[in-house]
Amino acid sequence: MHNNSKKNIIWQKHSVTRIKREQKNGHKSIVIWFTGLSGSGKSSIANSLEEILFQNNFNTYLLDGDNIRSSLCSDLSFSILDRNENIRRIGEVSKLMIDAGIIVLVSVISPYRNQRKKIRLMLGKINFLEVFVDTPLNICEERDPKKLYQKSRLGKISDLTGIQSLYEIPEKPDLHLDETISLKNNTKKLIHILCDKNIISFPNIDETFLF
C-alpha cells in the first residue's frame with residue numbers, strides 16, 4: 001500500500017525557480033552545517049554569522065538543534081535510529097530552504113560521519129558546507145551551559161554525545177574552527193569562505209567587518 005501510494009506522488013515544478021530567487025536576493029543559497037560537541041560553541045558562531053549576514057541584507061535562517069527537537073522532531077528519542085531520523089528531517093527542511101534561495105545555517109551535533117555524508121549527498125556537494133567547531137571535551141564540560149555533562153556524570157543521562165555516546169570527528173570538513181579563538185575571527189573566516197565560494201559578495205571585508 002505504501003509503495004503504491006508513493007508511485008502516485010509527482011514532484012511539481014514551479015515557474016519561480018531557485019535560480020530566479022537567488023538572482024532576486026543577490027546571493028546564492030547554501031547550507032552551512034555546524035557540527036561539534038554540546039557546548040562547543042556551534043550556536044554562538046552560527047548566530048554571530050547570521051547576525052552579520054542579516055545586517056548586510058542577506059536572506060538567512062538558522063536551524064538550531066534544540067529548537068528542532070522542540071518542534072519538528074519532538075516525537076523522537078535519542079536512540080541511534082531516532083538521531084538519524086532527526087538529522088534526515090533537518091536535511092529535508094534545509095533542502096527546501098536552499099530551493100527558496102536562503103543561506104541556511106544548521107547548528108546540530110550530528111555525531112556520526114555517515115549522517116553528515118548522507119546530508120551532503122542529499123543536498124549535493126556544492127550546496128553543503130561542513131563546519132567543524134573543534135572544542136576539546138574538557139572545555140565543553142567546563143562550560144556545560146545546559147548542565148548536560150553534569151547530569152551525565154551523575155547518571156541522570158545515559159546517552160550524552162562525547163560521554164556515553166560516540167562523536168565521530170569530521171575527517172575533511174570544509175572549515176575547521178577552533179572555538180577557543182575569538183568569535184569575531186571565526187565569523188570572519190566563515191564570511192571569507194562564503195566569498196571564496198561565490199555564495200556572497202562582501203567587499204572590503206577587513207575594513208567593513210566591524211561589530
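The count begins at 1 with the first shown residue.
For all residues, glycine too, the Cβ spot is worked out from N, Cα and C.
Look at Swiss-Prot and you will find Gly36, Leu37, Ser38, Gly39, Ser40, Gly41, Lys42, Ser43 tagged as ATP binding site, backed by sequence analysis. In the three-state DSSP assignment, the secondary structure recorded for Leu37 (ATP binding site) is coil.
Within 10 Å of the C-beta atom of Ser110 (active site, phosphoserine intermediate) sit 27 other C-beta atoms, taking all shown protein chains into account. Ser110 (active site, phosphoserine intermediate) falls outside any helix or strand according to DSSP and counts as coil. Residues or ranges marked as active site, phosphoserine intermediate in Swiss-Prot (evidence: similarity to another entry): Ser110.
Spacing of Gly36 (ATP binding site) relative to Ser110 (active site, phosphoserine intermediate) is 8 Å (Cα to Cα, whole number). According to its DSSP assignment, Ser43 (ATP binding site) is helical. By a simple count of nearby Cβ atoms, those within 10 Å, the most crowded of the binding-site residues Gly36, Gly39, Gly41 is Gly36. Within 10 Å of the C-beta of Ser38 (ATP binding site) we count 26 further C-beta atoms, all protein chains included.
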